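Student: Can you keep this structure in mind? I'll have questions shortly.
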Amino acid sequence: MSVYKSNLYPQIKNIPNGFAKQISDRPNNKIVFLDVPSPRREQLNHITTNSIVPLRDNLISPQINSDIIYENIKPVFTLLRIMGVLPLTRPSPGQNQFKMLSPSMVYSIFCFLGLISYVMYLSLHKVQILRTTEGKFEEAVIEYLFTVYLFPMMVVPIIWYETRKIANILNGWVDFEVCYKKLSSRVLPIKMYKKALTMAVVIPILSTSSVIITHVTMVDFKVMQILPYVFLEILTYLLGGYWYLLCETLSFCAGILAEDFHQALRHVGPAGKVAEYRALWLRLSKLAQDTGLANCYTFTFVNLYLFLIITLSIYGLLSQISEGFGIKDIGLFVTACCSIFLLFFICDEAHYASLNVRTNFQKKLLMVELSWMNTDAQTEVNMFLRATEMNPSQISLGGFFDVNRNLFKSLLATMVTYLVVLLQFQISIPDNTQDTYEDENLVTNDTTATDATKITTTLATTILTTMTKKRKKN
């Protein structure tokens, strides 16, 4: 009789501890992964792409991983676009362009036409200067100042003309970010969003305060009259903030690139790595040159406008210094200080950016130890150093002049020359009060001379009559 053995119920040996198998019988090389989603992951999977990050992270310190340069400067760009000054369009992230028939351009045209219409309306109701007995000369200077304050209207069409070049600069920064990420395997670590946001908030407040102070101290204060002045003052100083952010970006990227190159040479010896950093530096140098070219006419006009404002303001202060400072001089002093600060700010930031892009990078190259490198790497380093010498990284406004500290010094020297000439011209003009006093003296002297002549004539006639009578008696 055969015993039937079923495979469904295999016989298992009795194990004292009750486990199906001994631990020693298990295979040691088998690893089991359990793909069990955690509750936290399930919650994150339900979050859609339209979810809003908390306000603190989204507005104050957002996470920026693409189109880094534009996103860091975005608050200033947004304010310029709201003011109708920068008709820039962005069909997709990382793509910037300018179109004549875009909604941004139409909006900018309407804003500009509204500004011109408002200024034309105010020209029928001219700003009334506070008349005092200090003289007409200072009043004329203040009238000229309030006319010059409207000059930044002309910069709006100039910015429209250069918007296409500004869009190309932003696209060039996107290419630079991509090349840097491929070379260093990390995102460009720029943290300038808070600075840009602070400028977008603080500049309008300070500019409005400056205009109010100027109008209160120098003209009959009317709210309707200061609106175009506030708009143009905000525009002028916002352009200075925009220039600062561009130059600061160049300086920061040059410092990061120099530090990464210095660290890479400590561990890597192939010549290809040096060639990649040289190509990336050439991109950065071209961006520095293109920054000046893209903003050529805009900042040429801004620099000349600030020069004119500074000259007239200081001239107005010095013209009445002999009679002491009055309430009008407060507005002139505020205007002169703010304009000098902005002009120095523009020149100094461009000087600092050029210094970092070229001079400081050359110092890093000169400090490289070449003894342990192979011949190809040493050749690449020497070519890199020669490229920094041959490529000018100065920020030049279209070849008219380089924006640096020498420009600020030259403008101040020219301003002093004009001030001396104008003050000499003022001294040569006779004062009305002095003329009146001299006229009164002349009238008095004429009257005195006439009276003396009459008395002398009377005495002479009396003496001659007496002598004639005596002769007749004799």
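Cβ atoms are placed via backbone N, Cα and C, with glycine included.
These figures come from a predicted structure and were not determined experimentally.
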Student: Have a look at 196-214, 272-290 and point to the one annotated transmembrane segment in TrEMBL.
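Tutor: So the range that TrEMBL calls transmembrane segment is 196-214.
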Student: Using Cβ atoms and a strict cutoff of less than 8 Å, what residues sit near the transmembrane segment (144-161) while being 6 or more residues removed from its termini?
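Tutor: Tertiary neighbours of the transmembrane segment (144-161) are 84-87, 105, 108, 112, 115-116, 119, 127, 219, 228-229, 232-233, 235-236, 239, 297-298, 301-302, 305, 308-309, 312-313, 316, 332, 335.
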Student: What same-chain residues lie close to the transmembrane segment (196-214): Cβ under 8 Å, and 6 or more beyond its ends?
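Tutor: Hits for the transmembrane segment (196-214): 59-60, 72-76, 78-79, 221, 226, 229-230, 233-234, 236-238, 241, 244-245, 330-331, 334-335, 338.
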Student: Quickly jot the same-chain residues contacting the transmembrane segment (226-246) by Cβ under 8 Å, restricted to those at least six beyond its ends, or write none.
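Tutor: 72-73, 76-77, 79-80, 83, 85, 115, 118-119, 122, 146, 149-150, 152-153, 155-156, 192, 195-196, 199-200, 203-204, 206-208, 210-212, 214-215, 291, 295, 298-299, 302, 305-306, 338, 342, 345-346, 349-350.
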